[in-house]
Amino acid sequence: MAFSGCQAPYLSPAVPFSGTIQGGLQDGFQITVNGAVLSCSGTRFAVDFQTGFSGNDIAFHFNPRFEDGGYVVCNTRQKGTWGPEERKMHMPFQKGMPFDLCFLVQSSDFKVMVNGSLFVQYFHRVPFHRVDTISVNGSVQLSYISFQNPRAVPVQPAFSTVPFSQPVCFPPRPRGRRQKPPSVRPANPAPITQTVIHTVQSASGQMFSQTPAIPPMMYPHPAYPMPFITTIPGGLYPSKSIILSGTVLPSAQRFHINLCSGSHIAFHMNPRFDENAVVRNTQINNSWGSEERSLPRKMPFVRGQSFSVWILCEAHCLKVAVDGQHVFEYYHRLRNLPTINKLEVGGDIQLTHVQT
């Protein structure tokens, strides 16, 4: 099966879940499953890479079991019959805790990373290119399932016509004096694990639809403290998206996500737990504009819990979703979108994942 580019993630899918892997698996393909193990029900969960939705042909069955001290079963099912189990007598997951589970498809095997560390490799028993479906079931809650094919090289259109995606890099923290918004507290420094992935094509079950644009880029899993700063090559343009995931610290007061244009902050998103608000604003020439605070429902972030933020750029505004739910729109105050080319994240969170 020919792979037609990367596909957009499934956001906050209900479990049990089955979804299409567009174009099927290819050598070098990477799938990330982000979520949390439920603390009060069930003793198992499973991630299956299979052909079709019947479950009779599963190329790779990854099955953590919180029994007998905890272990993980790997297996293959062909025509309804299971093969011999491979067991890893170690449990990298904890009940009630978030996880980042990454599957890397290689010519000979699947390599499985849990929270940034290599956990197991599973040698193919059937041709992996037959796989066109991913399923998740059991005692987990999902934040997202994302996809990346680092070998896909779609053509980059002009700004006026391009739908989205952009690679990311890690420049040094910029110098200079910038007026900070009142009472934005610094982050508690903590090492983190991050994966940077491109996901750029529409699929059913997502909030926003997308099509390929710029070649995806993949980075290793460095550990570094907050704040996190990176360039956005090409800047913003209609249909470009940015996705960030992390965990709010238990004692969090505030954190912020900034999209910057030179010394200006085109978009400042500032969840404030001390005010039970999500403040949005723009800073031009070191001067803050009028705040926007309205929300359609309660505060979407919770202390001590994981989150996923999706920022979608459109011609007139930014659309923002939290955990798969649309929460607000922010109309552009700086309209030269391609100059908005830097992302800054800081405050009382642990950042775990960035997709651009």
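Heads up, the Cβ atoms here are built off N, Cα and C, so glycines get one too.
Within 10 Å of the C-beta atom of Glu86 (beta-D-galactoside 1 binding site) sit 14 other C-beta atoms, taking all shown protein chains into account. Look at Swiss-Prot and you will find Trp82, Gly83, Pro84, Glu85, Glu86, Arg87, Lys88 tagged as beta-D-galactoside 1 binding site, backed by similarity to another entry.
The feature beta-D-galactoside 2 binding site is assigned by Swiss-Prot to Trp288, Gly289, Ser290, Glu291, Glu292, Arg293, Ser294. The secondary structure of Glu292 (beta-D-galactoside 2 binding site), as reduced to three states from DSSP, is extended strand. In sequence order, Val279, Arg280, Asn281, Phe328, Tyr330 are the residues of the chain that are 6 or more apart from Glu292 (beta-D-galactoside 2 binding site) and have a CB within less than 8 Å of its CB.
Sequence annotations record features per position, and here Swiss-Prot assigns domain 'Galectin 1' to 17-148 based on sequence analysis.
Annotated domain 'Galectin 2' per Swiss-Prot: 228-356, in sequence order, evidence recorded as sequence analysis.
Swiss-Prot lists 170-190 with the feature region 'Disordered'.
Annotation for Ser294 (beta-D-galactoside 2 binding site): same-chain Cβ neighbours under 8 Å, separated by at least 6 residues, are Phe328. Note: the CA-CA distance between Ser290 (beta-D-galactoside 2 binding site) and Pro84 (beta-D-galactoside 1 binding site) rounds to 63 Å. Each residue contributes its Cα atom, and for Trp82 (beta-D-galactoside 1 binding site) and Gly289 (beta-D-galactoside 2 binding site) those atoms are 62 Å apart. Put simply, Arg293 is the one of the binding-site residues Trp288, Gly289, Glu291, Arg293 whose Cα lies nearest to the Cα of Pro84 (beta-D-galactoside 1 binding site).
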